[in-house]
Amino acid sequence: MTGPIVYVQNADGIFFKLAEGKGTNDAVIHLANQDQGVRVLGAEEFPVQGEVVKIASLMGFIKLKLNRYAIIANTVEETGRFNGHVFYRVLQHSIVSTKFNSRIDSEEAEYIKLLELHLKNSTFYFSYTYDLTNSLQRNEKVGPAASWKTADERFFWNHYLTEDLRNFAHQDPRIDSFIQPVIYGYAKTVDAVLNATPIVLGLITRRSIFRAGTRYFRRGVDKDGNVGNFNETEQILLAENPESEKIHVFSFLQTRGSVPIYWAEINNLKYKPNLVLGENSLDATKKHFDQQKELYGDNYLVNLVNQKGHELPVKEGYESVVHALNDPKIHYVYFDFHHECRKMQWHRVKLLIDHLEKLGLSNEDFFHKVIDSNGNTVEIVNEQHSVVRTNCMDCLDRTNVVQSVLAQWVLQKEFESADVVATGSTWEDNAPLLTSYQNLWADNADAVSVAYSGTGALKTDFTRTGKRTRLGAFNDFLNSASRYYQNNWTDGPRQDSYDLFLGGFRPHTASIKSPFPDRRPVYIQLIPMIICAALTVLGATIFFPKDRFTSSKNLLYFAGASIVLALSTKFMFKNGIQFVNWPKLVDVGFLVVHQTHDKEQQFKGLKYAQSPKFSKPDPLKRD
């Protein structure tokens, strides 16, 4: 069991120990400011001088180019309680250097900015007494005590940061209490009453550490079978039936993840990037589904991408590999979301359930156990032996709607199994509970979307209210515009922050040359500045003319600035790939970088181009 921690920072480094009331565990963790790194000391070596700071959790340690740092969760807020366990969301973080008041160079400062960016944008959750990385069903199999040793590595977000601590813990079990697995996603519960039965309804979403990243920089599958934007979402329910004196606990798992083939959308400043497909991905796809079958059993694949236009090649590529696998445990269904739900008839998504039932999916396939008043398991009534894996292009907006509808369908059967709702009645008649349910799923949708796309989810008006509205459509327009800006100009650093935090890039083992300087040709770097200058001149001639706007001098400036603006903008969009803010730490896989030279073979800069391993679908059918 873990708990709050205190630390002292001085000239010798940072010293950590458990807060008071933790029994006989007197271990002190010392993150030294020299090459010794992490050490385990006795209680007598905890500093008696210096400010003692109490924190919620130690997320772990990271070594950058020059120094080591502790990543700390300072403050938290409670987001839920379930069967006696409290869920917390991290509110405030700190990055503490081992070198007290030390100066750092510009490269080290950039790495620290990336860490701060990741901590600022992320939603981290944990529980001192419950393992949030595992589902209720998996936790039942590994035992009641929360421990990093049984945590699911896929969702152990600070797995890399705790590497030193985990190595020590293999020899010294006292260190276990310092290792707090954290998930990135969503975790919240709400209390309600349904037909005089007290219930707790909750939602937990866990983002995978493998192939993690942003919308356009982590698509498809990698050679190890990991896919972009993979999330496991668990709907949990506790119902205390006063008549039978039984406490029922339920769990229903769903997954989402990018289409498991080699594909990408290459940003080029256009609203729809260039869609490209990679080489034969059958082996990687097989690895992905072999993993999913081992973890979840039968997989029901719900594909929501459009069947024409820009998205068609992805649909066809997915169906091709599923057909080639010919696996009896893989059940594929295509649902034309935009056609079936056209004109905002989003209730028609329930037609998908009919398709899934014909393939063999049952709303009785969930985990169900009975516990006593102390929270101990009395009986395992049922286990979940399959999973619905949903995807659209981004695995965000359409996917959110479908997952919430499926979970609503299963929740009805869970209430019936606990004798809370009679067969033939519906729990949706309870308006406060329905509102809580819809808000849980809408907030979850936003959390998943912000992590991947940088904005809240689209279509959450349907998830939140059960119907599509014009205001919701307008909010979707604003979010889409924000996504366009972020995906082209701010997601590069955000992807770098993922790769740095998760250990995909380790500065202390990297080359001497800093990855951060802009090495594009000078004229490429100047174009945005020229556009800004032209816009400034245009604004001045319109709003602050020296004489009147139609004076010859003013019109000359206006015409000149307009020509410069038009030519510069045309050049920029024609060569859009050169102006995207690409990640700098880890290769995205679908790009190659070329060195350019002048006639004297002097280096002029770096240019980006599409990798020859990827090609544009031909022909690409359009609307």
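The backbone N, Cα and C atoms fix where each Cβ goes, glycine too.
For 1-523 (among others), the entry in Swiss-Prot reads topological domain 'Cytoplasmic', with the evidence type a curator's inference. Note on the topological domain 'Cytoplasmic' (1-523): its mean pLDDT in the predicted model is 93.
The domain 'SAC' feature in Swiss-Prot is assigned to 115-454.
In the three-state DSSP reading, K246 (ubiquitin cross-link) counts as strand. Here Swiss-Prot flags K246 (among others) as ubiquitin cross-link.
Feature annotation from Swiss-Prot assigns ubiquitin cross-link to K358 (among others); the stated evidence is a large-scale study or a structure entry. Spatially close to K358 (ubiquitin cross-link) yet at least six residues away along the chain is no residue at all, judged by Cβ distances under 8 angstroms.
Under the heading transmembrane segment, Swiss-Prot lists 524-544 (among others), citing sequence analysis as support. Cβ atoms under 8 Å from those of the transmembrane segment (524-544) belong to residues 518, 554, 557-558, 560-562, 564-565, 568-569, 571-572, 575, 578-579, 605, 607 of the same chain, restricted to positions at least 6 beyond its ends.
The feature topological domain 'Lumenal' is assigned by Swiss-Prot to 545-552.
Residues or ranges marked as transmembrane segment in Swiss-Prot (evidence: sequence analysis): 553-573 (among others).
Marked as topological domain 'Cytoplasmic' by Swiss-Prot on the basis of a curator's inference: 574-623 (among others).
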Cβ distance under 8 Å to K246 (ubiquitin cross-link), same chain, sequence separation 6 or more: which residues? V370, A418
For the topological domain 'Lumenal' (545-552), jot down how many residues DSSP puts in helix, in strand and in coil. 1 helix, 0 strand, 7 coil
With the cut-off at Cβ under 8 Å and a gap of six or more residues from its ends, the chain residues touching the topological domain 'Lumenal' (545-552) are 558
Helix, strand or coil at K358 (ubiquitin cross-link), per DSSP? helix
